[in-house]
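Novice: Supplied in structure tokens, the structure appears directly below.
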């Protein structure tokens with residue numbers, strides 16, 4: 001079921017902090033800070049990850065001139081076991097907090113929860129977002145960083161970035177969230193951890209279809225439908241599924257994917273970017289800024305997440321995926 | 001002497017090609033591929049075929065991972081020949097592979113001096 | 001869209017690995033590493049008291065040392081991305097698996113981190129090497145005993 | 001990477017003697033020994049060191065025959081033992097032994113040291129991995 005927000009909570013600001021390699025991102029000009037040390041001068045990757053989250057939150061707050069004492073809730077997550085970086089960042093930020101895990105779809109699921117809390121009147125300001133740190137995620141899900149395994153063309157590169165959005169009550173001059181769809185967990189039998197785009201595309205397809213149907217909309221009602229981290233191949237698959245369902249080719253240009261575009265056409269990154277920080281970084285910098293500048297009036301953000309663990313694929317399980325969507329409008 | 005280098009190059013290259021085919025066509029992970037090759041090396045030595053290969057190709061046969069299986073089996077077989085059934089068991093404690101010990105020592109040293117870096121080039 | 005239909009679409013869209021290119025790269029890099037091994041082994045034969053039969057051990061140890069340096073500098077993974085099995089199959093790849101795991105888990109301490117994870121990737125190679133050596137020796141012993149083959 | 005390799009290769013070739021079959025030490029049976037080795041067409045090059053009763057036969061097997069190295073070594077050993085039952089013959093196809101044998105010849109090693117050197121090389125060749 002689609003959620004309609006009567007009060008239309010607003011995305012007041014976004015804070016995005018990224019790592020050194022993300023300097024090469026086509027979106028890097030929109031980020032608040034690109035750090036040149038991948039560990040933020042901390043001892044471990046995980047500590048750097050935590051620091052990155054804190055900084056992203058601080059950027060978001062600073063833009064609206066609010067203090068951490070003014071924030072009612074913090075909603076967020078990452079991909080590390082038990083989400084310690086986010087949990088530890090919450091400890092230092094001292095904001096009431098619920099950790100959320102929707103893998104790379106956390107960037108949107110956190111915003112949905114924050115909007116519900118705002119709608120309920122429970123929150124004046126809340127922070128919502130997600131993050132990922134390349135080294136910390138790769139070592140957990142795949143191989144040690146320095147291991148020389150050949151990645152196939154279908155592989156994606158986990159970005160180092162944290163994106164957090166400050167969400168508050170509706171204000172005309174800010175992009176506002178009108179509706180949201182919480183996705184099902186979809187499994188089309190894909191089992192290759194180096195081909196996440198193929199696993200996630202059906203989830204994105206179902207969420208988009210269901211959102212459009214229940215909102216009685218067509219793709220062309222939007223200026224942009226931006227998926228999270230399907231990558232170049234995943235985006236191709238999503239478009240293929242939409243075409244099968246009768247979507248016209250000219251409408252497909254409205255569909256873009258943050259992961260596919262993130263590192264440009266650099267072949268070193270194979271199919272593109274992935275990770276919870278990928279969608280969060282693009283949604284909460286580029287999209288918010290473009291909407292405020294008036295480039296887009298109505299945008300559907302669809303963050304996709306692959307719900308696997310290293311254990312599950314070693315046990316031969318297929319990869320269930322989810323996708324959550326928010327519809328953002330700007331007057 | 002030049003021929004030895006050429007043979008080492010070709011034989012080593014061919015063993016790597018077999019590994020690549022196992023990964024690309026057989027869809028095996030690197031760990032599965034390497035384990036398979038080690039077992040193949042052990043079996044070849046059991047059939048007495050690996051030593052001729054080393055004689056022929058030198059490092060082309062000792063450097064690929066198949067030589068692990070060979071050197072481990074070689075130790076076990078030597079013991080079994082000397083001491084019979086007991087040798088099969090004790091052979092297990094006698095066998096050595098310099099690659100394993102070297103990797104342990106250099107792994108430890110590496111851990112002391114290097115840090116992981118998520119660069120791409 | 002049905003699962004089967006999607007799997008069909010996925011098969012069509014997903015690029016096949018460039019088999020020929022990968023095989024060629026594996027051949028040349030793998031062959032090159034073995035040729036370096038041959039040079040190292042000649043070095044030991046000429047300058048130290050090693051014969052062709054005994055030079056294998058120091059050779060393997062030396063190339064594993066090279067592998068440690070390349071791994072630590074982050075170069076081995078780049079070679080690996082290019083060469084695939086060409087750099088994974090030589091013992092340098094085994095060294096890379098051990099050393100990269102050791103470096104990676106340094107942050108959890110020398111005992112629990114490095115000690116506990118050293119063979120995270122390479123452990124299966126050691127396991128199957130030792131176990132297959134045991135069974136090959138056992139089978140050969142049985143075959144010799146019943147007179148099918150000789151030592 | 002290839003440059004040092006080429007240098008090593010050219011050095012190695014430089015080390016090798018022009019003559020393919022060499023007998024050094026006592027001149028006893030020189031031509032006979034040489035003929036004996038030449039009969040075996042798998043032998044590429046050889047250096048024989050003679051001293052007193054001992055005879056060190058270091059051979060290099062042709063590249064394409066090399067995989068049979070262990071067998072051919074034994075075959076040659078038997079042949080020499082049969083021909084010279086009174087001598088202490090040692091045949092090796094190992095490159096190290098061949099290299100050292102050539103070095104003995106090149107350095108014109110004195111007879112007094114020769115005996116020790118031959119024993120040393122024998123032990124070296126018998127070492128296993």
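Using the three backbone atoms N, Cα and C, a Cβ is placed for every residue, glycine included.
Please treat TrEMBL annotations as automatic predictions, because they have not gone through curation.
Not my notes, these are from TrEMBL:
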type: TRANSMEM; residues: C:26-47; note: transmembrane segment
type: TRANSMEM; residues: C:59-76; note: transmembrane segment
type: TRANSMEM; residues: C:83-103; note: transmembrane segment
type: TRANSMEM; residues: C:123-149; note: transmembrane segment
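Where in this structure would I find these features, and how exposed are they?
Specialist: Packing against the transmembrane segment (C:26-47) from elsewhere in the chain are residues 55-56, 58-60, 62-63, 66, 79, 82-87, 89-90, 92: each is 6 or more residues past its ends and has a CB under 8 Å from a CB in it.
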Novice: For the transmembrane segment (C:83-103), find every same-chain residue at least 6 residues outside the stretch whose CB is under 8 Å from a CB in it, and list them.
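Specialist: Cβ under 8 Å, 6 or more out: 22, 25-31, 33-34, 37, 60, 63-68, 70-72, 76-77, 114, 117-122, 125.
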Novice: Under 8 Å between C-beta atoms and at least six residues away from its ends: which parts of the chain pack against the transmembrane segment (C:59-76)?
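Specialist: That would be 33, 36-37, 40-41, 44, 87, 90-96, 99-100, 103.
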